[in-house]
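A short worksheet on the structure shown next.
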Amino acid sequence: MAVNSLSVMSPDGGLSRYLTEIRKFPMLSKDEEFMLAQRWKEHQDPQAAHKMVTSHLRLVAKIAMGYRGYGLPIGEVISEGNVGLMQAVKKFEPEKGFRLATYAMWWIRASIQEYILRSWSLVKMGTTAAQKKLFFNLRKAKSQIAAFQEGDLHPDQVSQIATKLGVLDSEVISMNRRLSGPDASLNAPLRADGESEWQDWLADEEQVSQETRVAEDEEKSLRMSLLEEAMVELTDRERHILTERRLKDDPTTLEELAAQYGVSRERVRQIEVRAFEKLQKTMREAAIAKNMVDA
């Protein structure tokens, strides 16, 4: 029996009820999770897979809340995240040492992001690697430079974001206009009686929050490991320029690096872009080799 064919609860019957129901599924200890994963891997035991899926439905819902600002029904976003969770359970290898939550976060986010991109493609939202990065990182980049105003960004803000994300100014302007709709409020009622709000459900999820924090710490460690391995593949100059431009809290300017290396500002920018593309390619290949993403 395939994991994808498992009967998993859906928020289609009412989001408030769904969120209440999934809280009834117990979390798994590390030993329980390992045992269930082995049962699925060795015997294709559907009950083992089902327990792994249901014990992580709250994790999916919590991750999905982070994508509520893209104008799509949150129930549909959760459903797509559940698809990613089932894929993670199918491919999970417990002997590699990390928990299912850590591994599943990659799949849940990828599934949700692909769904959002498919939905936004109806208005011809681009799907190049750079546009995907811009689509999912623009809000964070705006907050980092305190660009909280409504409407168009100031030219200096556009330039800062474009440099940080490695895209064109025009792409930042276009994407900002497409994503300028208001976010769903955390104070929006979950039920018709108005007694339960999004923030109530999120704040009460102490156990899943702890698991999420552990998973995020493990995921960060995995990403750092991939980054360190990929950096070795760069030349000394590429590594230095990329570090100075993209990995420091206070990036060195193109002009400063150009003076340091005795080349033009444009040449430094080209080296930075080339190094970043090489780094991304190497990290993705490593992630595929570790079975973290699809080829």
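Just so you know, glycine gets a Cβ as well, placed from its N, Cα and C.
Listed ranges 76-79, 184-187, 260-263; the one Swiss-Prot annotates as motif 'Interaction with polymerase core subunit RpoC' is 76-79. Cross-referencing 114-133, 254-273, 274-293 with Swiss-Prot places the feature DNA-binding region at 254-273.
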